[in-house]
Structures are given as C-alpha cells and as structure tokens.
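The next block holds one structure in the form of structure tokens; read it before the comments.
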Amino acid sequence: MTVRARLLRVAGLVALLALVVAAALVVGVPDAQRLRSGVLGLGWWAPVAFSALYAVVSLSPLPKTVFTLAAGALFGLVAGVVIVVTGAMLGAVMAFHLGRLLGRDTVRWLTGGRLDRLDPLLTGHGLGTIIVARLIPIVPFTAVNYLAGLTSVRLRDFVAGTAVGILPATTAYVTVGAYGWQPGAWPMWAALATLLVLSVGGLLAERRRRRKSKAEPKATEPEATGAS
C-alpha cells in the first residue's frame, strides 16, 4: 500500500468518525445508560459472548472497528477495553497458529494479497516490530496475525507485542464508542486525536522504513563488488 493510499485511508477514517459525531449532534442518540443496563441485565454471558464473537471476527478480514466501537457503547470504557482486548488476543493467537498450519498460499488468499506487503515488515524481526505494527491503526490486524505465524517470531513475543501494541488504539476506539452519546465530551475528542497521531506516526514510520530499505542495497553494493 502506497503512502498516498494510507493517507486516503486515514482521511476516510477521520471523515467517518466526524460524520458519526455530526449525526449524533443533529439527530440525537438513545439513552446510553438505559442501553447498557439492558445489556448488562443479560448476565455474565453477554461480555463473554461478545469477546468470543470478537475473536471469531478477528479471524476474518471483516472490519473490527465497528465491533470495537460497539463494545464501548454497550459496556462502557473500562469493561469495553477488557472485552475487546480479550477477544482480540484470543483471535490473534488462533490466527497465529492457523497461519503456521495453513501455509503461505492459503494465508495470501485469506488476507487478500496483504501478505506480500507485510512480509518485509515482520520477517526476521521480533517483539519490537510486533508492537510497532500493532500501534498503527491502519495496519491490518488480521493479516499481521496470520503472517506472524509464518515468520520466525516467537509466540511469546507475538502475544506480548500484541497485548502492548493494541492497547492505545483499542482504548481510543472504545472511548469513541463509550462517549459517542456525548459528542461534546473531552474524552471522545482526546480519543480522536490519539487515533490521528497514531495513524500519522505510523505513516511516517512506514515511509522511513521504505527509504531505509531502498538505501540498504546501495550501501552494500561497493562491499559486494570488492569481494568478487
């Protein structure tokens, strides 16, 4: 994915969230407390079922953002973050093992060709790379899960990197869902700003990585010539 395409994706995400906020201001929203009370009244299985559903959705290319926002709206900020992170971690570990079981060709088909674009990012790297990949909201969550299973990344590094890396963006999205009922609330605007910073920072990091990868062959060329 080119830098321009990533910028368009970020712009689209910001526009979508702004549209939701505008609709809430104009049309109005249902009572959040009543909705949450109804969900929590279903008992302990409601958050468990939501986490399980999130884990299953994490195995597919379906957008997880909608479910993350819904978790905030239905369960609130703290419970929503716990539920989403639990489901995301379960789905990530399952996809990691499935990636190793299914092989490269099947994973390429499942991820819609994203495998080849992400391969240079993960291959030969470990915990730090997983954390960076997770910090960037526009890097496809599912594709990284499957691809990591095809690399030399250790499971413990994958789990730790995923747990640390998804927390900022997950918290931001859940916050938007939790406070979307109150469009003027400062936590929601802080969350939107966080998502914007993470996305732009990710774009800059990816741009720097591309420049570095292009410069490396040129730097090693004289040495290779001298050895021949």
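Sequential numbering from 1, following the chain as shown.
For all residues, glycine too, the Cβ spot is worked out from N, Cα and C.
Here the domain 'VTT' (62-178) has a mean pLDDT of 83 out of 100. Sequence annotations record features per position, and here TrEMBL assigns domain 'VTT' to 62-178.
For 44-62 (among others), the entry in TrEMBL reads transmembrane segment.
Beyond the transmembrane segment (74-102), the same-chain residues lying 6 or more positions past its ends with a Cβ under 8 Å from any Cβ of the stretch are 35-36, 39-40, 47, 50-59, 64, 67-68, 110, 141-142, 145-150, 155, 158-159, 162-163, 166-167, 170-171, 173-175, 177-179, 187. Residues or ranges marked as transmembrane segment by TrEMBL: 74-102 (among others).
Per TrEMBL, transmembrane segment is recorded for 122-146 (among others).
TrEMBL lists 158-180 (among others) with the feature transmembrane segment.
As annotated by TrEMBL, transmembrane segment applies to 186-205 (among others).
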